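In Swiss-Prot this protein carries:
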- Cys110, Cys113, Cys201: [4Fe-4S] cluster binding site (BINDING)
- 35-40: motif 'PP-loop motif' (MOTIF)
Amino acid sequence: MSEKRVEKKLIHYVKKALNDYRMINTGDRVMVCLSGGKDSYTLLSLLNSIRIEGNYKFDIFAFVLDQSQPGWDDSALRGWLDDKKISYEILTRDTYSIVKEKIPAGKTYCSLCSRLRRGIIYRYAEEQGFSKIALGHHRDDLIQTLLMSVFYNGQIRSMPPKLLSDNKRHVLIRPLAYCQERDIIKYAMEQQFPLIPCNLCGSQKNLMRQRVKRLISDLAKENPKVPSNILRALSNIKPSQLMDHELWNFRELNVD
């Protein structure tokens with residue numbers, strides 16, 4: 001697939017998500033969380049292109065959190081943002097030391113790291129008056145999270161495309177919800193984003209998400225529709241076919 005075709009495909013699915021879930025309203029100030037990875041770069045790049053088109057009237061701002069990880073170098077990232085003329089701030093908070101201190105060696109850092117990062121993001125967004133917080137989770141993240149929740153937590157839940165935070169103060173959006181990771185990888189390579197690797201968790205193997213990712217990949221080899229079917233299931237709920245008493249009154253179910 002050519003460079004333009006990949007970009008066109010991704011923009012199509014981002015716009016579909018924006019419209020399906022009314023993610024962005026006229027006049028919104030959207031804070032895009034830029035981690036330095038391929039997903040957040042792609043999100044920021046596509047939203048910036050859509051903003052420049054002019055059909056959606058909103059402002060974007062890139063928020064970068066420097067967590068004081070060894071080897072962190074944001075010089076190329078700064079250059080990329082300056083070149084794109086995107087407003088940004090790089091905030092330094094040493095969550096790295098906290099995570100290393102609290103989590104035993106060999107254990108997964110992701111959960112605590114995410115909680116610390118989320119708190120900083122929410123606080124910054126509130127202080128600066130941003131109306132939306134945009135995250136770079138894509139289609140594969142959504143379907144993997146669903147299966148992880150089922151397998152390891154006994155819950156049917158995932159990452160919704162649009163979410164009101166628990167404290168009711170922030171609206172989170174995931175414009176890449178319909179985008180496939182393989183297309184994002186192609187786009188990131190073509191754009192030559194100056195990626196910053198995560199040295200905190202990048203070396204941890206056999207994480208739950210990687211196992212679920214392999215499972216989905218293996219199933220897709222037998223039936224390519226498996227990933228899209230899982231995604232479609234998230235918006236095709238049949239409460240009467242499940243076992244949740246809060247969603248369906250099974251006790252009072254009788255023949256009239």
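Using N, Cα and C of the backbone, Cβ positions are placed for all residues, glycine too.
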Densest Cβ neighbourhood among Cys110, Cys113 (binding-site residues), 10 Å radius: Cys113
Within-chain partners of the motif 'PP-loop motif' (35-40) [C-beta distance under 8 Å, separation at least 6 from its ends]: 64-65, 74, 77, 135-138, 176, 181, 184-185, 188, 193-198
For Cys110 ([4Fe-4S] cluster binding site): DSSP state (helix, strand, coil): helix
Structural state census, the motif 'PP-loop motif' (35-40) (DSSP three-state): 3 helix, 0 strand, 3 coil
